[in-house]
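S.K.: Copying in the features that TrEMBL gives for the protein in this structure:
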TRANSMEM  102-120  transmembrane segment
DOMAIN    108-324  domain 'Ion transport'
TRANSMEM  141-162  transmembrane segment
TRANSMEM  168-187  transmembrane segment
TRANSMEM  227-249  transmembrane segment
TRANSMEM  261-278  transmembrane segment
TRANSMEM  290-315  transmembrane segment
DOMAIN    435-682  domain 'Ion transport'
TRANSMEM  437-455  transmembrane segment
TRANSMEM  467-491  transmembrane segment
TRANSMEM  511-533  transmembrane segment
TRANSMEM  554-579  transmembrane segment
TRANSMEM  658-684  transmembrane segment
Amino acid sequence: MDGSRDAPLILECTPLPRNRTTSINDPELDIANEVGNMGQDIPHPQACFSRQLREHNRRKQWSLNYQEAAIYLQEGHNNDKFYTHPQSHEALPAYQVAHNHWFYSLDLFAAVAVMLLAACERPAVQYLEMPVGVHGSIEMLCLLILSLDLGIRFKWLGWLGFLKHKRTLFKAVMIILMLVESIVVLVRQTNHFRVTRALRPLFLIHTHYCQGVRRITRQIMLSMPPILDMIVLLLFFMLIFSILGFYLFSGISTDENFKTIQSSFVSLFVLLTTANYPDVMMPAYNESRYYCVFFIIYLSLELYFLMNLLLAVVYDTFSNLEKTKVRSLFFHKREGCMHAFRLLVTQANHSQLSAKHFVGMMEFYIPNQTKRDYYLMFKALNTSKTGLVTLEEFFRIYEVTRLKWKLRSDSSLWSSNFKHPCNIIFRALNWFAKWKYLDYFIHVVVAGNFLWILIETIQISSEAVSVANYNFTASWISITFVCVYCVEVVIKILGRGPMDYFSKGWDVFDFLVTIVTVIGVFGEIFENSFYYVMVLRPFRLLRLFKVKKRYRDVLGTLFVLFSKLLSLAICIIIVYYFYAIIGMEIFLDTDLKDCCQNTSVQSFYAYKNGTANTGYYYLNNFNNIFVSGVTLFELTVVNNWFIIMEGYASAVSQWTRVYFMSFYIVMMVVMNIVVAFVLESFIFRINYRRQMHLDDIEDHGVYKEEMTLTESEMHMVSVTTAPISGQYIATQREPGPYVFQGERHRNREDFSLRMYRDEVEVWAEQFMANRREAVRAMETLRTRDRPNSQAQFEDVLFLPADEFSSTLNLTESTDT
């Protein structure tokens, strides 16, 4: 939020007498140090003469501060801008509605529905076409649902915040534009030229559940300047070679590729994709063997140097952006913690947070948790064992709140509570499941299974029989291998426990492969009933990925990247949707049969007597959204893509090449970004393993923390009416009898902070140095004769560095 509204409100109040006998539960001492945005309209408790009203206002103020502190923590975690914070108590209901999961789902449903309307509008998919009045009404309904989000956001953002939030403002402009167009369609009862439909995916990007897509899109936009520089350089050299090619080859009568500067540029653009090589070189090569030097130099420079350099630029940009993102999120979370912390401390102690107010805030931040879990989180934060949490300790709240706590009855066995003799049996299974030679034995079995499948496949191939008629009845060897896999899975599940087994990625991978293997064996037993299941047999060999570290890194990278790759896949679909809509509007009802007469691609579109003579390229059309997607995928694969481009250039206009060439450039950038994501994640995984001296990064996959509770603490967290206090932490001398273990899975951010731990320490020192410098500057100003020289500048400690600067600049300008 802006500096003027986000700055802490310094209250003028009479300080409490120092010689007064006080208690930790004294209401006079339990007054919030600051009033948040949502509590500004509530009278301060100390200003009330009625004790009952003073107590009511005190509780009301704490409740609002708890909610606002929880919102600050959520904004810090989600990397939301703090100027989107609710500005008043009246804005809180609208904020809560806008951040409700039901509302998120409704917004997602409307965004997806308005995109799918492209299948029902002109040109529609067969059997899905709707009358204009129907799809027009559905579009208006979806747009009105999407506008609900804007109305609610305006309620809690206000004019200033609404106009300042670019993404929301852009969404408002798009909704207004599309509402006007849908009204025109309903009034005219016919569809018109509407390329604005290509912008519908932006509604999907705006939804809460597409945060990953939004972040990747933001990364793509941030990385565009160096990428565009490389593309401009690529096209510049292409233009130079186009001019040179025109002068060299335009005089060759048999060479149609360089007759004009336009055809020369297009030919070399296609040559960059290698789709027309060596056909584009042959006429010139026939004229003179020395002309091959031109094409060799061009391909060496453009394809092998600049294109690879483009990938290197994309990778370098993304690797730097990843570290910048980690650093930015590190500071953003700390700023959110500072905002929350200043709302939770009291006037009596504005540098330490009590357990009572921590639990009060956590009931809003992470609801549906037990009182015991909240207290364990507080105790885990309080590493100094004082019973009060400092700001430095509070910075770890994002790590602690992700822990899942459970009472630990035995340090190693999940089955320790089982009765005799089951506990002995399960203890033996636990030892056997962790025995390292068990894994070695399984690796040998997998290798033997691989050789057996390979030999059997070679035998079937040498017999020259039809695979469809071959009897794949399960042999005793196949059943034996599968039984070994099943026994291994059962031993590990029973020995280590289901929770431990299914919490590790490789074990889940083994389990899924075993399930697929069992299905394949049953398919072989039932013979013809499940003939196609025989393709599942090679899946058993995927266990070989665990044998070598490099293979584990490859497959592990795939698992880690799955969510990101899913977001990237959605980004690619959005690009497809954008170009598909434009293609349908431009190329609707274009017939490519027998087009491109007297050109080099004429044979690909030849169509006589109802059949295609050479190719079926006339099927590559834009008659509906799904067919358009298939056509764009063919363009993405590159092979012979220029044949499709030349067909539409001949049937529609020569300028249509701009559409296809721009699509290639965009997809080239997107696919390079996909490669950069994979490379960055793979190299990060290897570097982390080497730096931490690990065999597998999964060894650090789970973070664990232990806390003990005494009898008194257990009674405090078990009784609902018992007040929460941190005094037991300060007075505890020995560990309690109740041991609780908290576990959470580390994500990419956790691994990054551990890998860059030296730099993180520098970041933290820089963060604290900025705060101290700002405090010293404010203290210097306080010594001057100013109207507000009696203000409590200690409270400024809880301001972020940027607000220090803005406050300092404002003060100096006033002085001048």
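The backbone N, Cα and C atoms fix where each Cβ goes, and this holds for glycine too.
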S.K.: Out of 102-120, 168-187, 290-315, 658-684, what stretch is closest in contact terms to the transmembrane segment (261-278), meaning most Cβ pairs under 8 angstroms?
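M.R.: It is 290-315, which has the most Cβ pairs under 8 Å.
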S.K.: Take the transmembrane segment (168-187) and find every residue of the same chain, 6 or more past its ends, with a Cβ under 8 Å from one of its Cβ atoms.
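M.R.: For the transmembrane segment (168-187), the sequence-distant neighbours (Cβ-Cβ under 8 Å, at least 6 residues beyond its ends) are 132-133, 136-137, 139-140, 143, 146-147, 149-150, 153, 157, 162, 194, 196, 199-200, 202-203, 206.
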S.K.: Kindly state the mean pLDDT of the domain 'Ion transport' (435-682) in the predicted structure.
M.R.: 78
S.K.: Going along the chain, which residues at least six beyond the ends of the transmembrane segment (227-249) come within the CB cut-off of under 8 Å?
M.R.: 255, 257-258, 260-261, 264-265, 267-269, 272, 283-284, 287, 291, 294, 298, 301-302, 306-307, 309-310, 313-314, 317, 665, 669, 672
S.K.: With Cβ-Cβ distances below 8 Å as the criterion, list the same-chain residues six or more beyond the ends of the transmembrane segment (290-315) that contact it, or say none.
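M.R.: Sequence-distant neighbours of the transmembrane segment (290-315): 223, 226-227, 230-231, 233-234, 237-238, 241, 244-245, 248-249, 268, 271-272, 274, 277-278, 280-281, 284, 669, 672-673, 675-676, 679-680.
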